[in-house]
Amino acid sequence: MNGGDEVVTAPAGPPQPLDWKFSQVFGERTAGEEVQEVDIISAIEFDKTGDHLATGDRGGRVVLFERTDTKDHDALRRDLERTDHPINRHPEFRYKTEFQSHEPEFDYLKSLEIEEKINKIRWCQTANRALFLLSTNDKTIKFWKVQEKKVKKISEMNLDPPKAVGNGCVASSSNSNSPTLCLANGGSSGNDFSFPPGGLPSLRLPVVTSQETNLVARCRRVYAHAHDYHINSISNNSDGETFISADDLRINLWNLEISNQSFNIVDVKPANMEDLTEVITSAEFHPTHCNMLVYSSSKGSIRLIDLRQSALCDSHAKLFEEPEAPGSRSFFTEIIASISDIKFAKDGRYMLSRDYMTLKLWDINMDSGPVSTFQVHEYLRPKLCDLYENDSIFDKFECCLSGDGLRVATGSYSNLFRIFGCAPGSTEATTLEASKNPMRRQVQTPSRPSRSLSSITRVVRRGAETSGVDANGNSFDFTTKLLHLAWHPTENSIACAAANSLYMYYA
Amino acid sequence: MAMIDEPLYPIAVLIDELKNEDIQLRLNSIRKLSTIARALGEERTRKELIPFLSENNDDDDEVLLAMAEELGVFIPYVGGVEHANVLLPPLETLCIVEETCVRDKAVESLCRIGAQMREQDLVEFFIPLLKRLAAGEWFTARVSSCGLFHIAYPSAPEALKTELRTLYGQLCQDDMPMVRRSAATNLGKFAATVEAPHLKVDIMSMFDDLTQDDQDSVRLLAVEGCAALGKLLEPQDCVAHILPVIVNFSQDKSWRVRYMVANQLYELCEAVGPEPTRSDLVPAYVRLLRDNEAEVRIAAAGKVTKFCRILNSELAIQNILPCVKELSTDSSQHVRSALASVIMGMAPILGKDATIEQLLPIFLSLLKDEFPDVRLNIISKLDQVNQVIGIDLLSQSLLPAIVELAEDRHWRVRLAIIEYIPLLASQLGVGFFDDKLGALCMQWLKDKVYSIRDAAANNVKRLTEEFGPDWAMQHIVPQVLDMINNPHYLYRMTILHAVSLLAPVMGKDITCSKLLPVVINASKDSVPNIKFNVAKVLQSLIPIVDQSVVEKTIRPCLVELSEDPDVDVRYFATQALQSSDQQMMMSS
């Protein structure tokens, strides 16, 4: 279907490691500048074409960026460049617009504050040049339309503008109080107001002069009051008309057009809350099969459910779990096994999960264990106790796959993020820092781990720095964590969030 | 700025407000578009107003929706049918907007206009528009185009017809599921205009594509098309083409598709005729009644009566009844509830003997169901069985069921059964009612929940209507009036309410002799709430009783109340006095 799958099965060697370069930064922090809590980015999402990028922040705002290097107006220049030399263009974005998606609220029934923080953003199908997206905080999902509107400058009114406004108020507010108006509005009731057959020449239509446009975001629908717990994911169905929202214990199915009802499709809430051992941490629809979705759990398992089987999908169609290595169990085993994010590859065959220490690539046809496992920050393993003490161990890192399915990426601490090649035979493991000089902290790719290429399952453990950067004297900063990042759907370009700054890299 | 004559002022305001900042004003103007058009005259409407509307199409969805609707009836204002084509461009842009309800309305309006347009205009203007939409860049245009084919096709010349069919075929295979859904939805309408030979070839192949779609949502809509297509085809073609599809659908992997089949199946029986119904559809339906998914069984159970009505009673008893028996003990309460809501309708179909022998045990077991909705559903349809076998066979089981519901701890259940009491009374007859149910009706007047007391008061009135004032005087009125001495004022208030409801039904004599004294007595109550309710009730009694009674009894009482220390009592008493003054003025 796309390159990813073919290359994975192709006998030709793994693709060359990519050389990552800094592209852009939005909202860069100047030295010494305090980061405002509300400005911290909490969600990043490219749209399907990759022409738009959206970020959400803790202040409930959504910021949109649009790609500038593919616009038609510079097509000419592009052609010129192309004939000159094979250009190495990379996606460039510019600020498009922003809007306040969520406001802080208070649930009076439960005496709970509801934060405005945007937990997730998902793009919907673009229609008629209008952009659509879903954004959610802990409780409420909103459907936004962003559209260019003409700035109206009206001239040639029938009446003097101030007068017209004055009368306008009368005209709209009451039809019964003003007798003349009853007559004129008699379209409903009467023919008593007769016009000459040729019409009245003195009347004219308003003329709109200005053709300037500006972007307007309108909230089209609010999907509220369906979640008792905090929403962790939303995901669109390939049918273009439904989406799911998942909280800790339930997954609901919505129709985009209907905001006053949803269907509960998964409910893991035990009859007695004391029996609760596992919560839902993330959920996503399959990219092409409308009936399939996966959700991950705090115990590290992934469940695939088939919406065709039954209306309430409490029993899964498939369970993906890695068998626990004997003797490895410790106090932290269960905590670090919790999956913080799950993503499907574009082809829908592979999926990627992130737990605290690793990225795991799964084949949906193989439920016995992951195809590959990538160590993200193995040097932290001895420090789990500290990480537990300062709650960092509960940080929820996101993960992403490249459009071609050849690479995966995820974030770590000290504003670092890691990119791994997941094609067979690839040893690519890059560490980048979210800064203008991403290779500053680059560590050497460790030597290839010994493994048999003939093994049926390509389980690899690599990228495990022995003692890590720590040995270089860099102390790791647990407060600068890179939780959110997204891979451009068609090109090798990554957007990632370091606190309030959005960094973009390309290769 | 132009000066506008005084009489034109309102219309000038209306026109200016087409572009007002306030959306309510714009909406108001758009809703009066026909008035504006009449003021401008036909020619300027064509040359100025319609182009103006076409240009200003980036308005809010509410305004666009109103515009799409208004344009659908605009032919008279542009100069009649020969100018209808000027209305197409603004509607074409509305067919592309992102909001579904606007597009739907624009398509509806286009269909309305297209249906009136002259044939040559359709070919010259409407069909090119349709082709532009069908090849539109945005899926919204293509979605809209699907709903226009049935208007364009009949007028198209032969070559164009072929092209339109090809175009529709492409829409059925569009990349976007939204477009395929629209194609599936509109296939039946389009098929109805297509000539028989093409129907069997082109349309059926499109239908086949849609029935094999990967997206469940498309297949769902294809199921709906089955019945529509089935009615267009000759029975033998229907058996050859539609029947296998529906049988397949009834075993689809997706429960939602099977759910749709369960809902639609009975409609297809007529299209295929009795023999294929017996051989294929009955087994398919039986499978659905025994489906693994409760939702599917709910849908199937809800159609059991409709389905049996099409079959002969022998077939129904042989094949369907065993399933019905299973469903009556289904593990899902919703399935039992769906069954209970329709099963009584099977009695007339099966006839007296089969009903007594087969259905009655099912009724009785459902009447004892642990889930109140199931029992209520049975009770609500009692009249259907009553006509076939009479109530006696049921009444033994009925009474405990009613009593249990009447005392259910959920007030909504109690409310539901009260609503059915008048129906039950009429079915069971006075005798049965007096013995068993009368006490219940009195008990509800003393319920803890206001809604129940309110419904109980209303119930008393409806029973009186059913059995007449004489019966009420014997069995209801004394007991009701007794309760006016209840120590709790809320119950006394319920009685006052009941009295105000009973009075019009009982007539003036009984009202004067029995009801009025009770009300007058209550005016001496210690609770102000009772007193002002007395005032309200007295006001409602004024039109019922004779003028002399008003003068002698009601007004003195009201006058006394109007001097009450409590402000609310004075207020309602004064109101009642005023209304009685008006009454007198009108009668004199």
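The first residue you see is number 1, and the count goes up from there.
Each Cβ is built from the backbone N, Cα and C atoms, and glycine gets one as well.
Going by TrEMBL, these are the annotated features:
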- B:10-48: repeat 'HEAT' (REPEAT)
- B:203-241: repeat 'HEAT' (REPEAT)
- B:242-280: repeat 'HEAT' (REPEAT)
- B:281-319: repeat 'HEAT' (REPEAT)
- B:320-358: repeat 'HEAT' (REPEAT)
- B:359-397: repeat 'HEAT' (REPEAT)
- B:398-436: repeat 'HEAT' (REPEAT)
- B:476-514: repeat 'HEAT' (REPEAT)
- B:515-553: repeat 'HEAT' (REPEAT)
- B:554-588: repeat 'HEAT' (REPEAT)
Q) In the same chain, which residue numbers or ranges, 6 or more beyond the ends of the repeat 'HEAT' (B:554-588), come under 8 angstroms Cβ to Cβ? A) 516, 520, 523, 528, 531-536, 538-539, 541-543, 545, 547
Q) Quick one: DSSP breakdown of the repeat 'HEAT' (B:398-436) into helix, strand and coil? A) 35 helix, 0 strand, 4 coil
Q.
On average, what pLDDT score does this prediction assign to the repeat 'HEAT' (B:398-436)?
A. 85
(Q) As a quick check of your reading of DSSP, tell me how many residues in the repeat 'HEAT' (B:203-241) are helical, how many are strand and how many are coil. (A) 33 helix, 0 strand, 6 coil
Q.
Are there residues at least six beyond either end of the repeat 'HEAT' (B:398-436) with Cβ under 8 Å to its Cβ atoms? List them, or say none.
A. 367-368, 372, 375-376, 378-380, 382-383, 386, 391, 443-444, 447, 449, 451-452, 455-456, 459, 462-463, 465-467, 471, 475
Q | Helix, strand and coil residues within the repeat 'HEAT' (B:476-514) as assigned by DSSP | A | 34 helix, 0 strand, 5 coil
Q | Helix, strand and coil totals (DSSP H, G, I; E, B; other) for the repeat 'HEAT' (B:281-319) | A | 32 helix, 0 strand, 7 coil
Q) So how many of the residues in the repeat 'HEAT' (B:320-358) end up helix, strand or coil by DSSP? A) 32 helix, 0 strand, 7 coil
Q) Using DSSP, how many residues of the repeat 'HEAT' (B:359-397) fall into helix, strand and coil, respectively? A) 32 helix, 0 strand, 7 coil
